[in-house]
Every structure is written in structure tokens, then in C-alpha cells.
Amino acid sequence: MANYFNTLNLRQQLAQLGKCRFMGRDEFADGASYLQGKKVVIVGCGAQGLNQGLNMRDSGLDISYALRKEAITEKRASWRKATENGFKVGTYEELIPQADLVVNLTPDKQHSDVVRTVQPLMKDGAALGYSHGFNIVEVGEQIRKDITVVMVAPKCPGTEVREEYKRGFGVPTLIAVHPENDPKGEGMAIAKAWAAATGGHRAGVLESSFVAEVKSDLMGEQTILCGMLQAGSLLCFDKLVEEGTDPAYAEKLIQFGWETITEALKQGGITLMMDRLSNPAKLRAYALSEQLKEIMAPLFQKHMDDIISGEFSSGMMADWANDDKKLLTWREETGKTAFETAPQYEGKIGEQEYFDKGVLMIAMVKAGVELAFETMVDSGIIEESAYYESLHELPLIANTIARKRLYEMNVVISDTAEYGNYLFSYACVPLLKPFMAELQPGDLGKAIPEGAVDNAQLRDVNEAIRSHAIEQVGKKLRGYMTDMKRIAVAG
């Protein structure tokens, strides 16, 4: 099979990369009705599989789970989760032939095997759904022409998809129809109904393409979302300890610092995150972020280039075929790093202390978010898509580090994201070592003392922060989510 993106001509590639439209609330007036009375069979019962299924059932849809025979006979975790939540469970052969919509929510590396197994069992005119388009775009999976292929991609982990639904809200979601597989022209109606059934329409839905979702998703997770957090954690910890900071305190400052810093990012973008600093610290964080952007820009561009060309995917799929040798080696090496093995700090660190003593970390977040966004947009991805795949998801990933350090992050994210994370962080750490050697007192681990600032310089820095394109689009999208939440709560 050939990489689907690489079979397109340049005009088609640009058109699919640039497909992004913010959908109006009125477009979801029918809710999930298009799928009511139809049989929806979910393959896979992991975090996305279970939680999307719970939401869809609560929205009035007929949901069941198709699992492999051995998962049922051996009563594996997927079988237990589905049955304990009262779902009908059966083998592929029992459930797939009756399905109107088969939703494939297994891990990326299992998609080809799953699709090749279910396709012959699917009835004529059925639909196949994904929540990530890797199998279609990068693997180039060929789907029978009578089958409609759609995607509904919540921009949050599965647990968050469920929690927001229970609160009467939802999570921002991308939807798409594969242009090669929409024989009856009903793909968009199916995708809209599925998105509404998960609650996504209450938080904002982008009409996208399989191509735009895959290329932007890979770029975000490799760079700012996972790779930058891993590289930053390792570099900052080593620097603090090298300068005499207690390893336990250094570990806590970093482990919980990312979450604290990015909570401000979530509420008010880079502007609010930077506003949490004193004026001298803000000027220093801005200067550091500009240096970091200059150093890291070629690395971000290389990752985007390799994603666009398919080089990244072919390398990762070669590792799949080699029993994940590289992935497992990198995972083991990460687990042995000084940051991961440092003792726990029993004392308390106040919220503002994370900002005051984490100026470099704030600079890393700002530089990484802006670089990821800029690199995606320069490659033809629309700003709204780039925002969701950079700034929006960062607090969610930072929260996983707060739970159990880098181990937890790498367990929670997909194997695809983990592989890309290691590629980036293994290149980024040595790249930034000379920069780390030149840091000044107050950049990390100590607060920058209050002092006089140049008003004109502060004015210009504030203007530069607030006028960045990610701040403009972010303000619009966060405002929409807030408005929608208000409506949902009132309703």
C-alpha cells in the first residue's frame, strides 16, 4: 500500500492540508438522530473506545463492542470494561455483519489487521469510522468503495471526553469524510451525528480532512505536546541539580511546574501565562523564548518535513515490523534518567513559586507552542487546526506528567506519539545543551529580583506577545468554548 498523501498531486495535497471550517451550532440541530435506530459496533475498548461508547449510548444510540475471540474467552481488560458497563459484547463474526457503523478505536499499529479482518464482514453500504486518520493517510489502507469512511477526533484523552459529557458539555472535535469513500454522500451526516453523540458539538467542531488531522496531530504530539515537555524536563532537572538544588525539590518543581504553568495557558493563552511573571521576569522569559525559537526552528521544520513526506511514518512502521525495538529501548532509557528516578519532595511549593522559579520553563512553553503553530501554518495547515494541536492540548499532557512523571505521559499517549516524542527529545536535548550552559541566575530555580524596567521595552514585548497569530485565534476559540459551556450549563 502507498502513503495516501503521496499519491495526491500538489493542488490536492494543499487543498486537504488547508481544509478547516469552524461549524455553527445550528448545523447540529438534529443531534445524533441520523444514527438513531442504527447499529453502531465499536472495535476496541480502551480509553477512547469505552468513553466514546458510554457517551453515544447516553445519547440514545445502539452501541455494542466487537472483540477478538481470545479477548472474550480469556476475559481480558477490554471484555471486562465493556461487560461491567452493561454493553453487549461479541466476536467480529457475530456483530460486524449487522453493523451500520463500525468504529475502529484500536491503537494505530493494530488498524491494518483490524480493518482487513472486519472489511469482508461488513455489509454493503455500511460505514467505517476512525478517531485518527493514520491508517488511511500514512498506511494508505484501501477501503471497499461501497463503504463510507468518516472520522470523529476528540481533541482530548478518552477520560476527558466522558467527564465533559457528564458535565453537560463536551470537548473540541475534528470531523472529516474520506473523499475516496463517500459513495452515498452521507459521510458528513454520519460524522455530525457521531460527534453530537459524544458531546463534541457543545464545545466546537471543526470540519477538517483526514490529511489535515493526521499531519497536524503528528506534528503537535512530536514537538510541543510531548517532545518539548520531555526534553525540557530532562534538561531543567539536570541543570538544577548541577547548580546545587536538592534533587527532590528540583524534581517537584518540574513535575508539577508544567501543569501549573499551562493551566494559565489554558485559561488565557500565552498572554496570561506571561502575565503571571513580574515585569523583569517577563522580559527575561521573552528574551529566552526568542533565543530558543532561533535554535529549535530547524528541528521543528525537520519534524514537519518528515511528517509531510511520510519519512516519519515509514520509519515508525519499520520499527513496528521489528517488534518495536527502538521504541522499547528509548522507553527503557527514559525510565532510567535522573529525573525519573529522583526522590519525591515532601514539602509544599506554592503556585506562584512555580512561575517565579520557572522562568526558563515558561520560555520553553512559549517557544514550543509558537514554533509548532508557525511551522504547521507555514506548511499549509489552517490556524484553527494548528491551535488545537499545540496550545489547546498542552495542559492535558502536562497533567499526565504531574501524575507520574514522564512514565505516565508515555503510558497515556499513543505508541505513535511516544515514538515521535523520543525522536524529538533525543535530538533536542543535545541541541539545547550549549544554551543551557549560558543561563543566568534567576532563569531557573531562583526568582529574578524586582527592579527597574524600560517602559518602551515592556510595551513592545507585551504587544509582541498579544499580537501573535496563535493568541488571536486562541482568544476566538476559547471564547467560543466558554460561550458554549454557558449554554450547556443553562440548558
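Cβ atoms here come from the backbone N, Cα and C positions, even for glycine.
Positions annotated as active site by Swiss-Prot, on the basis of sequence analysis: H132. Under DSSP, H132 (active site) is assigned to coil, being neither helix nor strand in the three-state scheme.
Marked as NADP(+) binding site by Swiss-Prot: C45, G46, A47, Q48, R68, R76, S78, D108, K109, Q110, G158. For G158 (NADP(+) binding site), other Cβ atoms within 10 Å of its Cβ number 22. Annotation note: G158 (NADP(+) binding site) sits in a helical segment as assigned by DSSP.
What Swiss-Prot records for D217, E221 is Mg(2+) 1 binding site. Residue environment of E221 (Mg(2+) 1 binding site) contains 25 other Cβ atoms, counted within 10 Å of its Cβ in all protein chains. Look at E221 (Mg(2+) 1 binding site): DSSP puts it in a helix.
Taken from Swiss-Prot, the feature Mg(2+) 2 binding site applies to D217, E389, E393, supported by sequence analysis. Using a 10 Å radius centred on the Cβ of E393 (Mg(2+) 2 binding site) and all shown protein chains, the other Cβ atoms total 23.
Marked as substrate binding site by Swiss-Prot on the basis of sequence analysis: S414. For the recorded site, S414 (substrate binding site), the DSSP three-state label reads coil.
The domain 'KARI N-terminal Rossmann' annotation in Swiss-Prot covers 15-208.
Mean per-residue pLDDT, taken over the domain 'KARI C-terminal knotted 1' (209-344), amounts to 97. Residues or ranges marked as domain 'KARI C-terminal knotted 1' by Swiss-Prot: 209-344.
The domain 'KARI C-terminal knotted 2' feature in Swiss-Prot is assigned to 345-484; the stated evidence is sequence analysis.
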Could you state the CA-to-CA distance between S414 (substrate binding site) and E221 (Mg(2+) 1 binding site) to the nearest Å?
10
Should one count Cβ atoms within 10 Å of each candidate's Cβ, the binding-site residues S78, S414 would be headed by S78
Restricting to the binding-site residues A47, R68, S78, G158, which ones have a CA within 10 Å of the CA of H132 (active site)?
none
Cβ-based neighbourhood (8 Å from the centroid) of the Mg(2+) 2 site, residues D217, E389, E393 excluded
K155, S216, M219, G220, E221, L225, Y388, S390, H392
Could you check which of these binding-site residues, A47, E389, E393, sit within 10 Å of E221 (Mg(2+) 1 binding site), going Cα to Cα?
E389, E393
List, in sequence order, the same-chain residues at least six positions removed whose CB sits under 8 Å from that of D217 (Mg(2+) 1 binding site)?
H132, A153, E389
Close in space, distant in sequence - R68 (NADP(+) binding site), Cβ under 8 Å, 6 or more apart
T91, Y92
Give me the non-local Cβ neighbours of K109 (NADP(+) binding site): same chain, 6+ apart in sequence, Cβ-Cβ under 8 Å, ordered along the sequence.
W320, D415, T416
